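Visitor: Structure below; questions to follow.
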Amino acid sequence: EAGEDCDCGSPANPCCDAATCKLLPGAQCGEGLCCDQCSFMKKGTICRRARGDDLDDYCNGISAGCPRNPLHA
């Protein structure tokens, strides 16, 4: 939601302060296909495997989301 860095609905998230919905100091992310142990996964890590004649999607190293491969048809 607006103003929140992470989902504070789960107090078990080790990257998020459940009271403030803000990332803990040193954490880059709290969730997402390209977030691993509170850090962005390195650029080029596959975050979504291809299905059919689709292409793999890769982490970009600067966000927790899994951006769509720009070469998709």
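Backbone N, Cα and C atoms are what each Cβ position is placed from, and that goes for glycine too.
Under the heading disulfide bond, Swiss-Prot lists Cys6-Cys21, Cys8-Cys16, Cys15-Cys38, Cys29-Cys35, Cys34-Cys59, Cys47-Cys66. Annotation comment: Swiss-Prot describes 1-73 as domain 'Disintegrin', evidence class sequence analysis.
Tell me about the surroundings of these features in the structure.
Guide: The Cβ neighbour count for Cys6 (disulfide bond), using a 10 Å radius over every protein chain in view, is 24.
For Cys16 (disulfide bond), the number of other Cβ atoms no farther than 10 Å from its own Cβ, over all displayed protein chains, is 25.
DSSP classifies Cys15 (disulfide bond) as coil under the three-state reduction. Using a 10 Å Cβ-Cβ cutoff, Cys15 (disulfide bond) registers 19 neighbours.
The Cβ of Cys35 (disulfide bond) lies under 8 Å from the Cβ of Cys15, Gln28, Cys29, Met41, Ala64, each of which sits 6+ residues away along the same chain.
A C-beta separation below 8 Å, combined with a sequence spacing of at least six in one chain, links Cys59 (disulfide bond) to Leu33, Cys34, Phe40, Met41, Lys42, Lys43, Gly44, Thr45, Ile46, Cys47, Cys66, Pro67.
The secondary structure of Cys47 (disulfide bond), as reduced to three states from DSSP, is extended strand. Around the Cβ of Cys47 (disulfide bond), the number of neighbouring Cβ atoms within 10 Å comes to 18.
Mean pLDDT, taken over the domain 'Disintegrin' (1-73), works out to 88 on the 0 to 100 scale.
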Visitor: Inside 10 Å of the Cβ of Cys38 (disulfide bond), count up the other Cβ atoms and send me the figure.
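Guide: Looking across every protein chain shown, the total is 19.
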Visitor: Note down the number of other Cβ atoms within 10 Å of the Cβ of Cys21 (disulfide bond), including every protein chain shown.
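Guide: The Cβ of Cys21 (disulfide bond) has 16 Cβ neighbours within 10 Å.
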Visitor: If one looks at the chain holding Cys8 (disulfide bond), which residues at least 6 apart in sequence have a CB under 8 angstroms from its CB?
Guide: Cys16, Asp17, Ala18, Ala19, Thr20, Cys21
Visitor: How many other Cβ atoms sit within 10 Å of the Cβ of Cys34 (disulfide bond)?
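Guide: If we count other Cβ atoms within 10 Å of Cys34 (disulfide bond), we arrive at 25.
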Visitor: For Cys38 (disulfide bond) and Cys6 (disulfide bond), what Cα-Cα distance in Å is obtained after rounding to a whole number?
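Guide: Between the Cα atoms of Cys38 (disulfide bond) and Cys6 (disulfide bond), the distance comes to 11 Å.
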